[in-house]
Every structure is written in structure tokens, then in C-alpha cells.
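Mind looking over this structure? Questions follow.
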Amino acid sequence: MERPFGCFFILLLISYTVVATFDDEPSFPENADLTKDLEQKCFSINKVDPNLKFENDRLKRAYIALQAWKKAIYSDPFKTTANWVGSDVCSYNGVYCAPALDDDSLTVVAGVDLNHADIAGHLPPELGLMTDLALFHINSNRFCGIIPKSLSKLALMYEFDVSNNRFVGQFPEVSLSWPSLKFLDLRYNEFEGSLPSEIFDKDLDAIFLNNNRFESVIPGTIGKSKASVVTFANNKFSGCIPKSIGNMKNLNEIVFTGNNLTGCFPNEIGLLNNVTVFDASKNGFVGSLPSTLSGLASVEQLDLSHNKLTGFVVDKFCKLPNLDSFKFSYNFFNGEAESCVPGRNNGKQFDDTNNCLQNRPSQKPAKQCLPVVSRPVDCSKDKCSGGSNGGSSPSPNPPRTSEPKPSKPEPVMPKPSDSSKPETPKTPEQPSPKPQPPKHESPKPEEPENKHELPKQKESPKPQPSKPEDSPKPEQPKPEESPKPEQPQIPEPTKPVSPPNEAQGPTPDDPYDASPVKNRRSPPPPKVEDTRVPPPQPPMPSPSPPSPIYSPPPPVHSPPPPVYSSPPPPHVYSPPPPVASPPPPSPPPPVHSPPPPPVFSPPPPVFSPPPPSPVYSPPPPSHSPPPPVYSPPPPTFSPPPTHNTNQPPMGAPTPTQAPTPSSETTQVPTPSSESDQSQILSPVQAPTPVQSSTPSSEPTQVPTPSSSESYQAPNLSPVQAPTPVQAPTTSSETSQVPTPSSESNQSPSQAPTPILEPVHAPTPNSKPVQSPTPSSEPVSSPEQSEEVEAPEPTPVNPSSVPSSSPSTDTSIPPPENNDDDDDGDFVLPPHIGFQYASPPPPMFQGY
């Protein structure tokens, strides 16, 4: 047996060696440039049979290139390359020879045409050896990979067509090195990246780029192009149509369809008097049609459909001398000349469907048209049409103040004492329902006088739309006056807040949404933030309560948030604030206060500011006293009690949170948290005002932070303190709010856990907090105190709580407990039974 096996093994080795010898392929790097060294290597690797005779050396080089290419072909169903054998390369299928341009006595390979051969393979670097190649057509095959750099040697290239294949990578810049190139067709591949501006500096007659993955703006050098046909269709080009387009005197056809282009049409389009096809459909163009459009004297096909164009389609556009087809459907035109009505134009094809035209069939519903038609884009101020403002980018959405991702904002745990200024991170009160409530002043309940020196809210800081950026760092407000949450009021996301749901998005009705091209709601953008508000719905639990929650607490909390900053979860909560959004009825309160105390704590103080802005201001005062408690936030929860006492100032707002439960409540919002993210902006929703306080996101950080962090870190105590803050202004409101909070606490059975001992800390300050008027009652607002107790369920939920972040209650609940807190240890009796579902479940009539 051994001998037969040994013989078999030897035979196997011999056969393998023979196959390898015949199958030896050039070892050229795939994308190598064809330097002289590599050329020499190519000749040595691709040894030519000495028996083959060639008319000249150029045909020999072509033979080497074509044989290397044949080896790079994996599938040839039509046997197109089957006869690529022997030295007569001019007889190969798809290969064309002609006299050399520099020496007509020499025959060279001048062209390759393998169109529609369904060949699969790639392009080897050896193709660079065919230096006399002027025509290269391989469209409608299955070639893949990249266009090798070695093709830069093809200096005579005149037509390069690789369309309808599977090429990838960046724009093939080798094409920029061909001085004689006139026809460039890259259609239907997978090229990506930006379009080099140099492409329009070349003397090209046709540029086909459609159906790839290019994503960039259209270079302004397009005006230098002498091309007669240019197609950008079905890519991801964005921005404006360059105004230099008016300089393209040779242009006959230009196609922009299926991109993300925006803004108004530049007036220079009217200078294209030789254009026969102008297609700008399926983009995001806005505004009215420029009057210069009547300058398209040669246009035969004009397609502006599926955009967001408005205004009146005038008679002169529909009576262009050579016009055969004019499509302006799926826009927001609200008027058209009689000559533009389909069927009344002597056989011309007009399409006006899905607009806002009266007495015409198949139009958009009125509620979808109204938002767009009532606020048309002023193209005189649009950068795309020459204005200075830049309307092209559809009005920038109100800065999203990055929903102040509270969590990350690492609240700069402001040293409780110092931070007196609750420079709540300027959380954009995006949702801040009606952040305007600069009324914060109300929050600035002087009550903060609470000995804890509720963080001076610097008189409810006028919600300055503080830049959300800061939101993270809530510089702890000085306990003085209920934290004057300088909420960065993102104010006027406020709108969205009040009707969180409505706020969400542009309103389904928003024409933009309706219009196929939803991409760019140029005008509506601002609403975008609103959109977030809607998400709060989850938090909706007990929407009414939210309003109370919103009360000032948020500001106060801002300081505590720092403590929480550590726990990212709070950020999550930020969304909960949206929950508060439900309260829209009393939008103001919900917005501000809720966000801060609950979840937001993590966001750190940032949110707190927003709370103030909300109308809640009054409630805040009552809570503000609690702030003292909050001050503790910086300290770890374990110390909270003590800290609270010391840091009360910061905590002032904390009092509200003191009911840590609220923080837990926030957890309840957890559901809201899910929606939170979307909702963050709209704290309005019941879910704890936390989010509502536009700063919602920020509030989230602030209010809850303490609690949430408490879970994460002992710092809970600070959290509690924040609760008081909420009481800030109107103790009465606060008390109301508390009720919600308590309810919320109940619903969020989780609450129990949240509060951790730290909550107690608020107690010391609780009175101050409560008293927005000194009287702690407001602060405690019996219900809230209950809430606090529920939180007692200590840390267990903590982790979860942070996620809930909503804890709308937090802000408000503190009041009652605050009274208890005054004792210093009001370990919230764990209402384990209750789920802190959207904290603000407590629903006050009218909210």
C-alpha cells in the first residue's frame, strides 16, 4: 500500500507544478501605475511565445495587454473573447485597429468595444500598454473593481464609456489626465464621493454621471464647461444649482433629477437659451419660478415636478415657442395661467396635478397647502438665487441645541456653593413649551431665600435661549433665589412644546412632509425640534401633572444635575421631558420644571435653566427652596444628606427632586425615555416636566440627574435638593405640581428605588425650597412629599430610574417631602407598589 500511495503523491505534485507553470499570471498590483520598471516586469512575466510574429512593437504590447485582460475575465457567456488567441490582435472580437496618429505607417489597436457582452471580470493594469487606444467602450457588462491608474498612459483617449457595470471607488481621476477626452460616461455604477471641480475645466462634450453614489455640491466651475449634455441624475448631490450655470453657452441638455438639491432656482437659468431639455424634478427646490425662466427659448422638455415650489405659473412659461412638455406637478403652486391648464394648449403635455390649485382635480388638501402657501420662501434673500441669506438651505432648522445630550454634558459639577448661578446649561429649551416664559421671574421666587439660599436663580433667569451647548454643564445655580435657571431658552422651540404632539414634526399636514420630497422642509425646519416634542407621548402618562412639574424646579435642579452628570442614563431621560409635553395645556410649567428635576439631572444643571423659562415660574418658587438640597448634588449620594444641607443652595431646586422619587418617577417615564429622545424637546408632555422644559433635554440632566445619578452614584442626596428648586416661585403651583409628582410617583413604581437616601438630604433645605415663599408647604406640596416617600425605595431602581429620567414629578413632588426633608432624612417611603409612570401622572384639572 505504501508504494502505490507514494507514486500517487508524486504524480499529484508533478501535475500541480505543470498547472502552475501554465497558469502563471502577472503579479501586477491591481491599481499600479505603469512605470517603466513595471512595464519591463510585465514583459518578463507575460512571456510571449517566440514563435509569434508581430508587425510592430505596439501590436505586441497590445497582445500582452489583451491576454492579461482575458485572464482577468471570470465569465464570458457569449464567448466574446474566445478568439483572443494568436498574434493577430486586430482580428480579436471587439478590438479595432487603425493607423497610428503619429505614424500612419504603423497599425495599432485604436479601440475596444465590448458593449453588451455580459462579461464579468476586472480591468488589469496591463491595459495601460495600449497607448494608442482612443475609444474604450465596455458598457453593459459585469466588470467590477476600480479603474486602474495605469490607464493614465492612454493619452489619446477620446471616448471612455464604462457605464452599466459594477465599478466602485472615487471618481476615476485618471480621466482628468486625458487631454483629448470628449465623451465620459460613468452612468449606472457605484462610484462615490465628491465630484472634482476639474472635470468642468476639461473640453468635454458629454458628461454622464447619473445613477451613482456621488455626494457633494455641484462645483461652481460648471460654468466653464463646454459640454452640450450633462446629467447629474439619481445621485446625492446637494446644495444649490451654481449661478455660473448661465455661462454654459453650448448646453443642450441638463438633468438634475433625483438628488437633494435645494434653494431657489438661480435667475441665470434664463440665460440657457440653447437648452432643449431641463429636468430639475425630484429635488427640494423652493420658492417661486424666476421670471427669467422665459428665456429658455429652445426648451422642449421642462420638468420641475416633485419639489416644493410655490407661487403662480405664469402664461409666458407655458407659451415658450418650442415647449412640448411642461411638468410642474407635485409642488405647491396656488395659481396657473389659463394657457397652463392641461388640455388647453394645442397638444402640449402639461401636468399640474398635486398642487394647491383651486378648481383643479387631484390637488393637495387645503391643510397640507396652507403651511407652505402662507409662508412662501423669499428668493430675493436666498443664497442660491443671489440673496445674502442663503435660503437654499431650507431655513435652517432651529438649532437643535443638540437636544443637549444631557447625559454627556458632564455637568460640571459646579461646586454647590459656587455654582449659585445655576447657569443651567443653556439647554435649548427646544421643547420648552413656550420657553418664552422668561417669566421665569416667577420662579425667581424670592422665597429661595430659604436658608439654603436656593440657588440664586438670578431671578428666574430670563430664559435666555442659552446655548444648548452648555446645557451639559449646569453650573450649579447659586442657591439664592430659586435657581434662576438661565435656561437657554431655546425658546422658541417652545411652540412645539406646548403641543408636543403637534410640535412634533412639521405636522403631518406640513406640505413638506406631504410633498414627495420631504427632504428639505426649507421653511418649516424650525419645527423640526418640535417634532421631538411629540415623541414625549410615551411620557404622556398623567400629562396634566406635568405642568406642575415643570414649575421652576428645573432651574434649581440644574445645579444638582452636575452630580448626575456622571450617569449617562439621565441623558436618556432627557427624552422623558417630552413626556412633560403632554401637559401642554399648562405648557409653561411642564416645560421647565419637569425636565430639570427628573431625568435631566444627568444633563446636569443645563436643563434647570429651561425650567425657569416655563410659565411654571410660580411653581418653581416653591420648589426653589428645595434647591438647597440640591446643592448636595455634587457630593456623592451617600453624603447627600449632609451635602444637601450644605449645598442646599444648589439643591434648592433639588428639593423638588428631593423626593428623589420624582427621579424615579422619571424612571417611570422610562417609557417616555424611549420616546424621550424624540420627546426630549417637548417636556410638555406629562412625563415629568423634566423634558418639557425645553431644556428638557437639559432639564433631564439637571433634575433627574441627581436622582438618576444617585442611583449610579450615592450623590442622590443632591438630587433631592433639586426638587425644592422646582417649587421656586409659586408655592401654590408647586403644591399642585407636587400632586402630579406624587401621582407620577405612584405610577412609576420604580420611584421607590430612585430616591436613595440622598433624597433626604434635601430635607435640610426643603423648607427653603418649599418656601419659594419660605413656607415649605408650597414646596412640599403634600402630594410631593408623598412622592418623595415613594422614592424611598432606594437605589434598587436607581439604575433604571436614570433611564426613566422623565421623573416629571421630581420637580414638583419635592414640596411636601421637602417639608419632611427639612428634617433632613426624609427617606422617602418606598412606594414600591407604584410605578413611576410618566412621573407627572397627577393630573391637575386644566393641565
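Positions of Cβ are set from backbone N, Cα and C atoms, glycine also.
These figures come from a predicted structure and were not determined experimentally.
Below are the features I grabbed from Swiss-Prot:
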SIGNAL    1-20  signal peptide
REPEAT    45-71  repeat 'LRR 1'
REPEAT    106-130  repeat 'LRR 2'
REPEAT    131-153  repeat 'LRR 3'
REPEAT    155-178  repeat 'LRR 4'
REPEAT    179-202  repeat 'LRR 5'
REPEAT    204-224  repeat 'LRR 6'
REPEAT    226-248  repeat 'LRR 7'
REPEAT    249-273  repeat 'LRR 8'
CARBOHYD  Asn260  N-linked glycosylation site
CARBOHYD  Asn274  N-linked glycosylation site
REPEAT    296-319  repeat 'LRR 9'
REPEAT    321-343  repeat 'LRR 10'
COMPBIAS  438-484  compositional bias 'Basic and acidic residues'
COMPBIAS  485-499  compositional bias 'Pro residues'
REGION    522-847  region 'Contains the Ser-Pro(4) repeats'
COMPBIAS  533-642  compositional bias 'Pro residues'
COMPBIAS  667-682  compositional bias 'Polar residues'
COMPBIAS  688-720  compositional bias 'Polar residues'
COMPBIAS  726-752  compositional bias 'Polar residues'
COMPBIAS  768-783  compositional bias 'Low complexity'
COMPBIAS  797-811  compositional bias 'Low complexity'
COMPBIAS  838-847  compositional bias 'Pro residues'
So what's the mean pLDDT when you look at the repeat 'LRR 3' (131-153)?
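Here the mean pLDDT over the repeat 'LRR 3' (131-153) amounts to 97.
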From the Cα of Asn260 (N-linked glycosylation site) across to the Cα of Asn274 (N-linked glycosylation site), what is the distance in angstrom?
26
Using a Cβ cut-off of under 8 Å, list the residues of the same chain at least 6 residues beyond the repeat 'LRR 5' (179-202) that approach it.
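Non-local partners: 134, 139, 155-173, 208-216, 218-225, 227, 231, 237.
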What stretch of 106-130, 131-153, 155-178, 226-248 shows the most Cβ pairs under 8 Å to the repeat 'LRR 1' (45-71)?
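Ranking 106-130, 131-153, 155-178, 226-248 by Cβ pairs under 8 Å to the repeat 'LRR 1' (45-71) puts 106-130 first.
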Below 8 angstroms Cβ to Cβ, which residues of this chain, lying six or more residues outside the repeat 'LRR 4' (155-178), approach it?
101, 115, 131-149, 184-196, 198-199, 202, 208, 214
Going by DSSP, how much of the repeat 'LRR 6' (204-224) is helix, how much is strand and how much is coil, in residues?
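Breakdown, helix to coil: 5 helix, 6 strand, 10 coil.
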